[in-house]
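According to TrEMBL, the protein has these features:
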type     : residues : note
TRANSMEM : 37-55    : transmembrane segment
TRANSMEM : 67-84    : transmembrane segment
DOMAIN   : 137-271  : domain 'Palmitoyltransferase DHHC'
TRANSMEM : 183-208  : transmembrane segment
TRANSMEM : 228-250  : transmembrane segment
REGION   : 315-386  : region 'Disordered'
Amino acid sequence: MSVMVARKKVVRKWEKLPGRNTFCCDGRIMMARQKGIFYLTLFLILGTCALFFAFECRYLAVQLSPAIPVFAAVLFLFAMATLLRTSFSDPGVIPRALPDEAAFIEMEIEATNGTVPQGQRPPPRIKNFQINNQIVKLKYCYTCKIFRPPRASHCSICDNCVERFDHHCPWVGNCVGKRNYRYFYLFILSLSLLTIYIFTFNIVYVALKSLKIGFLNTLKETPGTYPSMSLTVLTVLEVLICFFTLWSVVGLTGFHTFLVALNQTTNEDIKGSWTGKNRVQNPYSHGNIVKNCCEVLCGPLPPSVLDRRGILQQEESTAQEGSCPRGPGTQEPPATQGPGQAQEGHSVLSLQVPAPSVSDTKMPEEKQRTPGELPVPSLDTGRAEH
């Protein structure tokens, strides 16, 4: 006997999302596909801090103050937390239009622009939007089939439209947009402080050791766990990493501090949206540095509109074969139905099981049946058959 069984396969929405992103932990983590430089960032931060905590911090905590490793640990944990928050979160990806929505937008554009003669270039798909008495153009995205909101842009690496798009940062392995820009800024700010901190105390460490045993003896000193490598060589390695990181990270922090003060994005600054020949003023700026910083860094964080962990259910029918024989000791459960229903149930049994022999005492009831009516055994007779 074959039985059709319907099984529901649970599919999350992140499994069907377009674009070039990777998801982990059942859609909770969202990153770009190119993550090689992100792993390099983790290696540089973890490696430099590990060397600093393993060697210099122990000496400086004894000679100067035990607060030195504590403050370094706080900066390290804060930098790592903001880095992971920036890398693993949704930057503000805008969902693509559904087929019905895309068709409606196409009809609306055709109705607005009219029929374009053959061989003539169609007009650009742009809508004008007014913000603070300033006309802002909303551009149409041919990939996502939507009119992008103000300050949004399509990332060519992740293949998604991102709200308040700033830039795609390979060092964090994700786009930087409306939902993770504040964490990105806090990351580069804390990383700048951590780099300056380690760089400064590495130089202090070498200076203190040189005053005690001389600079040449400091260069020859070896730690107990690494007899083949000079301790100062490790310190010099940390100094070099911090020195080259210092210029790029501190410079990047200064640049984004300037953008935050103006309430401007990197994308707008590169394109010259508000500093071009027309000298158009930035409609998003409040004209006050404090208000701009509060809006960018302390304003409400909008929720993700992707609904990555939403459920899409798909039914799959599978055929299974099997038999369910009834053992000799198996009995029917006692009937809890009314008298009329019990007789109906026994009439079904009379069609499948041969009618028992009828005694002379039952003949009067047999004669009362109408012609063509099936014999209806009593309740006791049905139980005896079972």
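Using N, Cα and C of the backbone, Cβ positions are placed for all residues, glycine too.
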Number of helical, extended and coil residues in the domain 'Palmitoyltransferase DHHC' (137-271), per DSSP: 77 helix, 19 strand, 39 coil
For the domain 'Palmitoyltransferase DHHC' (137-271), the mean pLDDT of the predicted model: 84
